Amino acid sequence: MSGLLAVALVILGGVLIAIRQFQVVPYAIDSEWMDELYEHRTPFFVAVADAFDFMGGGIVGVFVVPIALIVLLLLLKRRWGALYFVSAVVLSAGLVQLIKNLVDRPRPEQILVTADFGSFPSGHTANAATLAVVLGIVFWRWWVWVAGVIWTAAMLLSRNYLGAHWLTDTVGGLVLGAAVALIVWAPFAQLLTRESLRRRGVAPSPAVPGPGSKPGVPEPSRIDG
């Protein structure tokens, strides 16, 4: 866990440092990627991207989906998982808005949807990445991770396809959202592990006196595995 936390801190620190040197006008790769997508827009894929825009933002993305996931976690008796989810999502959203105000990057001219101020970073992508990492950690199943990766990648591409963000906006949102989820995981890690073990019916192992323990004074219980 400490290794992942260190990596997340380094990544987040790199993002914040990069903001100081950030170029408000699009980079060459941004313009080239946007031109490529603009030339290959079709009504079908625009409709698909619009669906992701609807699910990842507005009332649905900000309230309906998060509340539904919180209720699901509580029904599954994952109270710490629900608190971890809320903490990560709120912090991620707050940082997105803070950075948007600091950078104030204009959105692409080819935008097809109504959006708020600031193009960097992509809030939709940051939120998708945070959800993917949080749910992957809470449930720790390979298919949850795969679904999360697919969801985040699709959200990233949809934001570019609709002209709502430059490529570097969505990559920045991806890195920010994932890093926040990993950093917030640190104080919840042991609590989430205990919660997961209890759900699987694995009780904490009985206290075993250690070499330096006093007779008759049990040591704190430990969780194996």
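Please read every residue number as a count from 1 along the shown chain.
Positions of Cβ are set from backbone N, Cα and C atoms, glycine also.
Just so you know, TrEMBL annotations are computer predictions that nobody has curated.
Remember, predicted model here, so these are calculated numbers, not experimental data.
Counting only same-chain residues 6+ beyond the ends of the transmembrane segment (44-75), those with a CB under 8 A from a CB of the stretch are 81-82, 85-86, 89, 93, 112-113, 123-124, 127-128, 131, 135, 138, 154-155, 157-159, 161-162, 164. Feature annotation from TrEMBL assigns transmembrane segment to 44-75 (among others).
Taken from TrEMBL, the feature domain 'Phosphatidic acid phosphatase type 2/haloperoxidase' applies to 82-185.
What TrEMBL lists as transmembrane segment is 128-154 (among others).
Away from its own ends, the transmembrane segment (166-188) comes close to residues 1, 4-5, 7-9, 11-12, 15, 26-27, 29-30, 33-34, 80, 83-84, 87-88, 91-92, 95-96, 99, 105, 108, 119-130, 132-134, 137, 152, 156, 159-160 of its chain (Cβ-Cβ under 8 Å, at least six residues beyond either end). Annotation source TrEMBL lists transmembrane segment at 166-188 (among others).
Positions annotated as region 'Disordered' by TrEMBL: 201-225.
Taken from TrEMBL, the feature compositional bias 'Low complexity' applies to 202-225.
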(request) Please work out the helix, strand and coil residue numbers for the domain 'Phosphatidic acid phosphatase type 2/haloperoxidase' (82-185) from the DSSP assignment. (result) 78 helix, 0 strand, 26 coil
